[in-house]
Structure formats: structure tokens, C-alpha cells
Amino acid sequence: MIIFSSTWFLDGFTHPLETPSHLILLVGLGVLLGQQSGAYFIRNLLLFCTSVIVGFVINNYLSLRYNNELILLVIALLVSLLVVLRLDYRQLWMQLITLLLCISSGIMLGIDSSPVIIPGLGANTFYNWLLGAAIGIYLAVIVIASISALLRTVFEGIILRVLGSWIATSALFVLTLLMVN
């Protein structure tokens, strides 16, 4: 039986909001999903949520040691460029690109999210941390996507495109700092 621990839950909940590469990707993906219309938005959001869980499972069973921050920042850069370009999401090739970005960002966020492993750490704390991280990731994307959906028609979407350029700049800035170190 799993016992709820609010400390580990809150630690997991704040993890995506405290990690720069996660936060940049979540804001970019939320704005990208908010630019889309209803059916595309729901489909891509469900695929993203499922991909995060798949990433958690992959992280639990496989020990992949890549430069995850680099991959997350490159995905964030691609997502923000799609936000800036604001292409027609009804075209098939654009739907495929958006699907691939949602799936890859969800999997990479899941793979890069793991609690600090302490010897003797029980499964309860691990699952509480993952539950908090999943809810934090989902809420961040849903809230940002909802706000973006409301701003989609304001000034013909210029606000979201400017926000997309800021996200691209932030991703490049953090990517540059990552490469310097």
C-alpha cells in the first residue's frame, strides 16, 4: 500500500517549475498547444500526458545517461520557432510535426524527472515524487495552454508570437550557458 507523503509530493510538484530547461519547454509547449483549435489541442495534450508517463517508466527501468538538458532545450527551441511562425495547424505535415514534438517533449521530460536517490528510500516516496512531478507538469501545460487559447485572437496572435520569440531566446541563452560549462 502506498502512503501519501506531502513533502515528497510537493518536492516533485515544484521540480518542473524549478528546472530552467523544463520550465522553458513547458511554457513553449503550452503556448503551442494554446494556438491550436479544440480537437487538435485535446489530442496533443492527451498524447503529451501519456508520453510523460512513458518517460517515467523508461526512467524507472532503463538508466539512460544522455545530456537530457541539451535535448530538452533543442526541443524547446523547435517548439518556440513553431509558435513564432504560427503555421496552419490543419495541414497534415504540421499536425505530424506537432505530434512528434508533443511526444518527444513528454518522453524527455519524464526521462529527465527523477527524485534524488537516497539509500533506503522507500517506493512510497519515489511514487509520491513522481505523482507530484506529473501533476506539476500537467498543470503547467494546461494553465499556459488555456491562457494562450484566450490570447490566440487578441491582436491576431501577435502576443503569443512575441512570447514565442522570448521562449526561443531563453532556450538559446540557457543552451549557450550549458555549452560554455
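Cβ atoms are placed via backbone N, Cα and C, with glycine included.
Copied from TrEMBL, the annotated features are:
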type: TRANSMEM; residues: 20-38; note: transmembrane segment
type: TRANSMEM; residues: 45-64; note: transmembrane segment
type: TRANSMEM; residues: 70-89; note: transmembrane segment
type: TRANSMEM; residues: 96-118; note: transmembrane segment
type: TRANSMEM; residues: 130-151; note: transmembrane segment
type: TRANSMEM; residues: 158-180; note: transmembrane segment
Next item on the list: Take the transmembrane segment (158-180) and find every residue of the same chain, 6 or more past its ends, with a Cβ under 8 Å from one of its Cβ atoms.
Entry: 20-21, 24, 27-28, 31, 34-35, 69-70, 73-74, 76-77, 79-84, 86, 148, 151-152
Check: Which one, 20-38, 45-64, 96-118, has the most C-beta pairs under 8 Å toward the transmembrane segment (70-89)?
Finding: 20-38
Item checked: Tertiary contacts of the transmembrane segment (20-38), as residues 6+ beyond its ends and Cβ separation under 8 Å -> 44-45, 48, 68-69, 72-73, 75-76, 79-80, 82-83, 86, 89, 98, 101-102, 105, 109, 112-113, 137, 140-152, 157, 160, 163-164, 167, 170-171, 174
Margin query: Give the nonlocal contacts of the transmembrane segment (45-64) in its own chain as ranges (CB under 8 Å, at least six residues past its ends).
Written below: 29, 33, 99, 102-114, 130, 133-134, 137-138, 141-142, 145
